[in-house]
Amino acid sequence: MESEKKSSHVSDMGAWAMNVVSSVGIIMANKQLMSANGYSFTFATTLTGFHFAVTALVGMVSNATGLSSSKHVPLWELIWFSVVANMSITGMNLSLMLNSVGFYQISKLSMIPVVCIMEWILHNKRYSKEVKMSVVVVVIGVGVCTVTDVKVNAKGFICACVAVLSTSLQQISIGSLQKKYSIGSFELLSKTAPIQACSLLVLGPFCDYYLSGNLLLDYKYTYGAIFFILLSCSLAVFCNVSQYLCIGRFSAVSFQVLGHMKTVCVLTLGWVLFESALTFKNIMGMLVAIAGMVIYSWAVEVEKQSNTKSPHASKNSLTEEELRLLKEGMEKADVEVGQSKA
């Protein structure tokens, strides 16, 4: 029992580590690929289509070689999920283009409370006071270290709302579909990735042209750009798999808290590798965010322990009504036994 618990904790830590490392790695690779100082590949939506195409290819190879199994999920559920996921990607890109970076960060921070509310509405899930307080600390910390100028307009606000709602719904749906159809994280990803890849590769170039004013066909590919595109796609496979793993093992709220840990890592690596400015305000915000994450981990553990203890307590203690019904049942059984003997 103890060894099973240890192996479960190791698997959990492995999933977290894979997601953090691959996510931070893909951000750094994309920064080099898409920045003006790098290779100026400004086609973010199309690049995401490449990511899902490579992920779909890995899934097909895995199924063909017998490394993973394929379970049935209704096609309409997969299409619905893919539409929501693509709305999330497009909405985030549009929100970043139309709003200031400060408002974009605020919209990302709002995902934790939105996920909590949506899980309460859809699954009647409730959170303890400790979990709520730790989430508030994380949001304040990340807000302090990332939010600067805040400018918003009507179009940008609508895009931000669509992005937040669709991203929250997508992350909740990952866990729901895995439980509903008893399907593993990689199996579900290998089913949704081809649909997302096809739709993003068709619509992506048009969306990117609207966002950047550049045509994909006019881009001049160099060996360096191709290398970073392939690196980004490779890291995306690990990033996508670990996202489904983390949400399947934990919850969408936990995944959002983990996402802010990645923000802290990106800020730190940006300072180390790209000589980005890191002010006292940034450092204080990061420390508060990390403290909030530690408190969140403790609060979730306390909540788990209280949930495991409560069923045992209810089994061992009967209410007065249950005792009365039990007594009546035993008396009735004695009468029936006496009649059968007579």
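Just so you know, glycine gets a Cβ as well, placed from its N, Cα and C.
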Correct range for transmembrane segment (source TrEMBL, candidates 99-120, 253-274): 253-274
Matching range for TrEMBL feature annotation, transmembrane segment, among 73-96, 145-168: 73-96
Tertiary contacts of the transmembrane segment (223-241) (same chain, 6+ residues out, Cβ under 8 Å): 18-19, 21-23, 25-26, 29-30, 32-33, 38-39, 41, 47, 50-55, 58, 185-186, 189, 193
